[in-house]
Amino acid sequence: MNLIFTLVRHLHTNTVALMTTMWVCYNVRLVDGSSHCSGRVEVLHRGQWGTVCDDDWDMRDAAVVCRELGCGEAVDVLGNSHFGPGSGPIWMDDIDCSGSESTLKNCRSAGWGKHNCNQTKNAGVICSGVRLVGAPRCTGRVEVLHRKTWATVCHSDFDQKDAEVVCRELGCGPPMEVLGTASFGRGEGQVWSEELQCTGNESQFHLCPSSSTLKHNSFHEHGVALVYSVRLMDGGGRCSGTVEVLHRGQWGTVCDDDWDMRDAAVVCRELGCGEPVDVLGNSHFGPGSGTIWMDDVDCTGSESTLKNCTSAGWGKHDCNQTKNAGVICSGSTEFSLFFYANTLGVRLVGGPRCSGRVEVLHRGQWGTVCDDDWDMRDAAVVCRELGCGEAVDVLGKAHFGPGSGPIWMNEVACSGSESTLKNCGSSGRVSDCHHAGVICSGVRLVGGPHCSGRVEVLHGKAWTTVCDADFDQKDAEVVCRELGCGPPVEVLGAAAFGRGEGQVWTEELQCRGNESDIFSCPTISAVKHDCSHDSDVGLVCAGSVRLVDGGSRCAGRVEVLHRGQWGAVCVFGISTIAAVVVCRELGCGEFLSINAGYIPGSGPIWMSHVDCSGTESTVKHCGSLGWGEHSCLHYYDAELICSGHKMPRLTDGPHLCSGRVEVLHGNTLATVCDADFDQQDAEVVCRELGCGHPMKVLGAAAFGRGEGQVWTEELQCRGNESEISLCPTSSVKQNCHTAVRLLNGWDYCSGRVELLYLSDWGSVCGASWDMKAASVLCGQLKCGSAVALLAADWFGEGSGHIWADVFDCHGNETHLSECPISSWSRAACSHKQAAGVICNGDDVLHAKISSSQAFHEGQVRLSGGRECEGQVEVYFSQDWRRVLLDSWSVPEASVVCRQLGCGSVLNFSSSSPSSPDQHSHICVTGFNCSGSEAHLGNCSSANLLNLSCSSMEQLSITCSAHSSIRLVGSGGDCAGRLEVFLSGSWGTVCDDSWDIEDAQVVCRQLQCGVALSAHVPAWFGPGTGPIWLNEVQCEGNETSLWNCRYQSGGKHDCRHKEDVGVVLTKQLSAYFLSPEFKEIRLTEGCSGRLEVYHNAAWGSICDDQWDIRDAEVVCRQLGCGKALSANGSAAFGAGEGAIWLNRVECRGDEIHLWDCSYSLKNHTDCSHKEDAGIICAG
């Protein structure tokens, strides 16, 4: 502990204020240094100070220590017991801090007391109580750490000797200049009230004499400029050269092992030299001399100085002076386009504007890129990096002429989102290959699907819109051609695709229409129109992707337009994501299927092995082997069907142009209801089929009844569409069924469901029928609401047709004809699956059975030979019938156990039917129990029977009156080896997958508090007999172990030495605490004063060392979410009675408070004014 006595002199009044004495407790300290801010690092753990091993000890670790101690910035890290060997335990080794931790104990390490170290390798730190602010490192306003507050220094109190000490302490070079008059901005807070009187040879400024007399009425007006601790040498300027760092007063080089752009970025930023252009190795700027200070440098890129990056350690390397690292920085943030390209390290050569052979700058030399795997994603990165708009085309085979010099990159693999080509993956330098090229576009279409949108032109580095008065059909032809789209379809004015932003282009295009790009078109620079964004021009080009020979625009062979020619796409290597991109690009809905060429194409095969991420606006932007690169025949052309595929046909007529209308939608063929078809729809069907004009539209199955589905959509064609896939549709339609009846039941309101379709009656498939549809039917027949759905064996199988339409009723319709029909997932159905319904408007039914009353009278039982365990049976229609598993959950099962006087539910599961008599198996649904009801009849029970069971698994329940788990071997009920009762005998549980959530469920079921830990191996000895359970997987909130997932039946590879043992908090005192410490609480729910129950009395906790990590554990233990604050000083009022705990010290990841370090006794050394409190998020 450090005793701090604070004396503050106020600047303007010269009064002296005395602050109270306070003790500040730290978990880390620096020992045997020149001050409390330098020395050997020691940490406090379990009440004992111990040292830290110097393995992997670096500046990020040191920064955490210095910040934790309020000692300013880390200046140096030292190893090999620089401050002398320590004694006692070595608490930490292999420390790995991110640098943002609030305490060293929060950093990753090998674990408390785990090390391969000795006291000759203690870690040390030198922190600085001075800093420079407002400029790059080693330059800025001087600030001094004074009583945990940074204070500025008056310029009249600071001279060259003081500057030499500050520069030395910060690890910088000698001072270059001392500047006054707030050269680096005015500071905030206090101005230091003392005058430094350094001799100039001190190692730290606090060793300098000072005068406490306030001599000047000074304000925030002082800064000092110093040299950097990193420099670039022999590169012809301060922003390029060999990297050198200053350490302990000596300059040394950096090894090029793992040296990359992130490391270079830190150097360039530290020197104020802009962005990194290139990283170089092998002593590119000449070999260095002297010490090699750093190797294996690994920066995140966000560090303020290279010295804060991770490395092998000062002076540790396996390098020599022929492998020095070098950097070229941009040195400026203002570039011309040419210099911008050079700075970014990529350029296009040999083509017109924004097109050409790709070349990259590496180690000061331009080289080419190999065209292997070169695709549109790679090209997109180049175009974006150069500010050249969108990628239009990729070219290989040295299309723009062969380059010279090295080939720097091969097999480039960009994701498309990289900011620079050099960030893409590649296989590195090769000796020979074809060179890659790119064509970028300085025009784009925004706000519409691919090949349509608002026209924008790249002017300088900004996108500008185009005035609709300055744009005509010939301009449109050039734009569509440049973008690789089809010919223009429509030019739209008046901001048809929305208003743009920024400038409106001030030039008027005067294209002839045959140019390859708009920058080849003549322009007039005079502004002729007063144009605003309300007049932005839009353009619709024909698409560059299509599906052909599939019957509609949403099905068929995939073809792409490239260099003015349509070509196929090979199915080899194509991904389903690519198919999704095509369907989306064409506005054809979802992807349904992909196949190889049923109808082979002709001409080129443009793409193969297409690989999309799914975000592309066109499949042409996806990765591939390259344009025209493939090993494919047209028999393997890719063919797609999208969900928007709709193709009509006419069947069963006297010739091809007459018959029953049927529509192929996706992969499904369906007839069309006559109520949903009119003359305009007929116009489109005849046109699409090449059959001229419609002569007559006939209804009532004039060409015979179709089979299968009736189409669920209503066509709403205008009559001028070229195909029905272009017609709007309504997904909610009137269905074609005209009447309904119930047959073979007890009366009019019960029986088998039959529907009249046109002139034919037929049964309804039970798989297509639910309670909502049944309720609508009952209402339509004036029979009240539906009580039950039953199988065909209740009311007979029927004969004739069976309708498989799936009625999507909401339940509030008055007639079945008002319900939409969804037929896409229809399955084959037989008369054995015909649906039956019982409506509650049937008086005869009430006389014969009342399923609701049956439950109200307690008509439920468990069969199987045990009173409180077995298969659930209900009394229905004068017979006991077993219940299937569908739709039951824990609350319903709990009510059954309570109703039968069998306690609470332990388990509900499925079992195979014991009888082939399916008539006795029914599905009980509609119950919505909270779990607290005394009787199933008190639950919401809209319907009791449901024909549509998804399985034939019967429901079995085990209630708590049937004892099923125990803990043995400890002499108590709440600790021991876990055993379960199955198949008439007790057996153990294997520890495979066993964790704390499983243990918590056991605690809850046995009412033994909470689990101390997940598993206590071998404490209670191995069991005997069967190992009943394995791979137990609980969520942690179950009421019984039987509600969890597990493997049972003795199938495992376990032995009894793997038996699970559990210790619960009710048994805690026998194993861990003496005397017992049982419970905790917060006085206001999930916030308030923290209290613990000990020695039969509640007491509070002292706030000594109380912090947010302790609060996290409490909030977690109480189920109150995340800790928001840890409060002291009786923030929630002073408690009464004993103060049971003090000096609580949690890591923050413990499950219970008692897993932490603490002092448990009646703490008379603490008062209730220091009671600890917490606010949790819950």
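Every residue, even glycine, has its Cβ placed from backbone N, Cα and C.
As given in TrEMBL:
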type	residues	note
DOMAIN	28-128	domain 'SRCR'
DOMAIN	130-229	domain 'SRCR'
DISULFID	Cys198-Cys208	disulfide bond
DOMAIN	230-330	domain 'SRCR'
DISULFID	Cys268-Cys329	disulfide bond
DOMAIN	346-441	domain 'SRCR'
DISULFID	Cys414-Cys424	disulfide bond
DOMAIN	443-542	domain 'SRCR'
DISULFID	Cys511-Cys521	disulfide bond
DOMAIN	545-643	domain 'SRCR'
DOMAIN	648-736	domain 'SRCR'
DISULFID	Cys717-Cys727	disulfide bond
DOMAIN	740-840	domain 'SRCR'
DISULFID	Cys765-Cys829	disulfide bond
DISULFID	Cys778-Cys839	disulfide bond
DOMAIN	860-960	domain 'SRCR'
DOMAIN	965-1065	domain 'SRCR'
DISULFID	Cys990-Cys1054	disulfide bond
DISULFID	Cys1034-Cys1044	disulfide bond
DOMAIN	1080-1177	domain 'SRCR'
DISULFID	Cys1102-Cys1166	disulfide bond
DISULFID	Cys1115-Cys1176	disulfide bond
DISULFID	Cys1146-Cys1156	disulfide bond
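Feature map: annotations from TrEMBL on the structure.
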residue: Cys208; record: disulfide bond; contacts (Cβ under 8 Å, 6+ apart): Asp162, Val165, Leu196, Gln197, Cys198, Thr199, Glu202
residue: Cys268; record: disulfide bond; contacts (Cβ under 8 Å, 6+ apart): Cys239, Gly274, Glu275, Pro276, Val327, Cys329, Ser330
residue: Cys414; record: disulfide bond; contacts (Cβ under 8 Å, 6+ apart): Arg377, Asp378, Ala380, Val381, Leu421, Cys424, Gly425
residue: Cys1102; record: disulfide bond; contacts (Cβ under 8 Å, 6+ apart): Ile1139, Leu1141, Asn1142, Arg1143, His1163, Cys1166, Glu1170, Asp1171, Ala1172
residue: Cys1156; record: disulfide bond; contacts (Cβ under 8 Å, 6+ apart): Asp1110, Val1113, Val1144, Glu1145, Cys1146, Arg1147, Glu1150
Between Cys765 (disulfide bond) and Cys839 (disulfide bond), the C-alpha gap once rounded to whole angstrom: 18
Nearest-integer angstrom distance between the alpha carbons (Cα) of Cys1176 (disulfide bond) and Cys1034 (disulfide bond): 26
Confidence summary for the domain 'SRCR' (545-643), mean pLDDT rounded: 84
Number of helical, extended and coil residues in the domain 'SRCR' (28-128), per DSSP: 13 helix, 36 strand, 52 coil
Among Cys511, Cys1044, Cys1115, which are recorded as disulfide-bonded residues, the nearest neighbour of Cys717 (disulfide bond) by Cα: Cys511
Tally of DSSP helical, extended and coil residues in the domain 'SRCR' (346-441): 13 helix, 37 strand, 46 coil
Most Cβ neighbours inside 10 Å, all chains, among the disulfide-bonded residues Cys511, Cys839: Cys839
Disulfide-bonded residues (Cys765, Cys829), the one with most neighbouring Cβ atoms at 10 Å: Cys765
Between Cys829 (disulfide bond) and Cys990 (disulfide bond): CA-CA distance (Å): 46
Nearest of the disulfide-bonded residues (Cys521, Cys829, Cys1054) to Cys839 (disulfide bond), judged by Cα-Cα distance: Cys829
Cα-to-Cα gap, Cys511 (disulfide bond) vs Cys727 (disulfide bond), nearest whole Å: 36
Minimum Cα separation from Cys778 (disulfide bond), reported as the residue among disulfide-bonded residues Cys727, Cys829, Cys1054 that achieves it: Cys829
Helix, strand and coil counts within the domain 'SRCR' (740-840) (DSSP): 23 helix, 34 strand, 44 coil
Packing count at Cys198 (disulfide bond) (other Cβ atoms within 10 Å of its Cβ): 21
Integer Cα-Cα distance in angstrom, Cys727 (disulfide bond) to Cys521 (disulfide bond): 39
Alpha-carbon spacing, Cys1115 (disulfide bond) to Cys1044 (disulfide bond), which is rounded to whole Å: 25
Alpha-carbon distance [Cys1054 (disulfide bond); Cys1034 (disulfide bond)] in Å: 19
Secondary structure content of the domain 'SRCR' (1080-1177), with strand meaning DSSP E or B: 16 helix, 38 strand, 44 coil
